[in-house]
């Protein structure tokens with residue numbers, strides 16, 4: 001398992017979000033106000049500080065949270081490559097909106113105007129992303145340390161646990177809200193997984209994209225030596241496609257942790273349809 005090609009190739013929305021998170025965190029950290037960015041009952045129900053609602057969705061309250069959060073946001077760019085920048089923008093908006101509603105309900109139940117009950121930072125996006133990470137990203141390597149079994153996904157989970165517990169109850173509450181938001185997106189409530197923003201809005205992020213990286217600079221990933229053959233047996237197209245899979249499609253599947261050769265074979269049988277090829281590989285991996 002890996003995050004795919006290094007950098008933000010084919011992930012301009014993630015790049016914009018990471019930059020905004022870093023800038024807001026550093027700016028308010030220098031001014032000494034980062035610890036006061038967490039939402040409270042007073043912020044929403046008494047003074048209605050709109051600016052704080054926005055800033056709290058980006059700025060972390062500590063350097064430790066920033067490092068863990070940026071690491072996870074950077075890794076989760078794999079999902080933008082998988083579903084496209086437009087739908088990923090919808091995922092970000094939906095996760096943030098649902099999390100804000102849940103946090104507002106939580107604050108309304110406490111009614112404590114003096115305490116910042118919720119910590120600040122993009123917890124909604126980070127922990128909503130753990131839902132597809134848990135369900136869709138396959139384990140490609142297992143190993144043991146002192147009798148304890150780990151996988152290549154364990155480091156991501158450990159970073160998530162560290163971030164979840166970084167401010168104790170304040171961060172646990174926001175993290176749980178993010179997981180619930182990600183679960184609702186996964187359940188396709190209101191058909192949200194098919195929703196898209198107008199193209200002119202999504203294209204605003206294109207200016208943040210980095211120069212594309214050559215796909216053949218990526219070393220082959222190994223999952224299982226028989227995964228490619230399993231993928232072919234798992235799906236038989238009536239008319240084998242003679243179209244060579246695009247390098248971009250192969251890179252997308254490789255970025256999800258699949259072996260390069262298996263990805264190529266799956267794309268051939270799926271007629272270069274990334275979603276269908278993903279299903280083929282996941283089905284083969286489950287056998």
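From the backbone N, Cα and C atoms, a Cβ is placed for every residue, glycine too.
Listed in Swiss-Prot:
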- 244-284: domain 'UBA' (DOMAIN)
- 10-30: transmembrane segment (TRANSMEM)
- 53-73: transmembrane segment (TRANSMEM)
- 90-110: transmembrane segment (TRANSMEM)
- 117-137: transmembrane segment (TRANSMEM)
- 145-165: transmembrane segment (TRANSMEM)
- 172-192: transmembrane segment (TRANSMEM)
- Query: Per the definition of 3+ C-beta pairs under 8 A with sequence separation of 6 or more, do the transmembrane segment (53-73) and the transmembrane segment (117-137) touch?
  - Reply: yes
- Taking contact to mean three or more C-beta pairs under 8 angstroms, with sequence separation of 6 or more, is the transmembrane segment (10-30) in contact with the transmembrane segment (117-137)? yes
- Item | Leading contact stretch, 90-110, 117-137, 172-192 vs the transmembrane segment (145-165) - CB distance under 8 Å | 117-137
- Message: Give me the DSSP three-state residue breakdown of the domain 'UBA' (244-284), ordered helix, strand, coil.
- Response: 30 helix, 0 strand, 11 coil
- Note on the structure: Here the mean pLDDT of the domain 'UBA' (244-284) is 77
